[in-house]
Amino acid sequence: MTASASRPLLGCIADDFTGATDLANMLVKSGMRTVQTIGVPAESASIDADAIVVALKSRTIPAADAVAQSLAAYEWLRAQGCRQFFFKYCSTFDSTDAGNIGPVADALLDAAGGGFTIACPAFPENGRTIYRGHLFVGDVLLNESGMENHPLTPMKDANLVRVLQRQTSSKVGLIRYDTIARGAADVRACIAQLRADGVRIAIADALSDRDLYVLGEACAALPLVTGGSGIALGLPENFRRAAELAARDNAASLPRIDGTATVLAGSASKATNAQVAAWRATRPSFRIDPLAAARGEPVVDQALAFARSHLPEPVLIYATATPDEVKAVQQALGVEAAGELVERTLAAIAHGLRALGVRKFVVAGGETSGAVVQALGVKSLQIGAQIDPGVPATATIDTEPLGLALKSGNFGAVDFFDKALRALDGAA
């Protein structure tokens, strides 16, 4: 295959929508023209891109369903001609003892072959590092970072070898930081020894971007790689080294999109709470009350009326709340029902906003982003320049043009909403 061929080289499967854009952002920064599809396309298509990211909504669904969706995505990507496959999950390893990281990794490894893969959610640029198999968020262990209070995937153990081993019958091992520090050749030797010992999946330490580049080089021959978006840093260079990927300076170009903008927030993370507070201090905002929505009050109509009264000025419509407030709603409605209600409400609001002429959406929260893009009928996205680490601007390429910034809950600076609006306006 030559560098000018249009068939994609890297096929990626992400377990949520913002995670998919996070990964696509990383690939674009590394010079790969990247297209993100929303779900598995219904039919084969000729996509002119170096990498394709299939965005699923499989992180918290039953494990068997997550496996089925992931395998369907794999088969579709394989049919497009992808040479290597990547299973992307959150940099905080969001999962439970039932999955879904372990079951999906096992199924994809069986399908792709090779008998071995790594698991590395590290993203040092965003403070996620792995040392001796333990995941840190900033300076604290994962289970002390606030993730222990996550409503759907509470992370109460920072030892990823233990966490993953509880999810899989495959033997889980570790590639230590000191091996990685010695370079790709030593990592490949470690992989060979782990395979000889019966290990199928190895957690990989990573303290810096250099470690991720080393791991990427060491994984060049693996049919399947798994991890957070950070590990994708080193994968494009493998294709360049093999003269399969051309050098590009326009991988992040997007069309300009006119129209008004709105911010929608559903995440209850610390970062999103801070971003909501910063916006509310100076800008118009409307709070969604899940309990009012559950009582049948016209919350969607009220939110749309609020937005209409302020257009063309951007407004924030949010369900973001403190952990105690979230817990109270969950106790009243049930954990799953509460989350689904918030997603359904914000999705309906997004649909209504589009009818009002809104063409640019900033969305905070992985589950919320998934619900919103589905409500807007988005099928695929072209990935543009980074707004904040892990979050790019995007534009739809298969519907009436829309600009989207889809943010994982914990990502972004305090002023992210303003920065995202400027980026979607073409000013950033």
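Yeah, the Cβs are placed from backbone N, Cα and C, and that goes for glycine too.
From the candidate list Gly227, Gly228, Gly230, Gly409, the residue Swiss-Prot records in the ATP site shared with Ser267, Gly365, Gly366, Glu367, Thr368 is Gly409.
In this structure, the binding-site residues Gly365, Gly366, Gly409 were compared by how many other Cβ atoms lie within 10 Å of their Cβ, and the smallest count belongs to Gly409. Shown in sequence order, Thr18, Gly266, Ser269, Thr272, Val363, Ala364, Ser369, Lys407, Ser408 are the same-chain residues outside Ser267, Gly365, Gly366, Glu367, Thr368, Gly409 whose Cβ sits within 8 Å of the Cβ centre of the ATP site. All protein chains shown were included, and the count of other CB atoms within 10 Å of the CB of Thr368 (ATP binding site) stands at 30.
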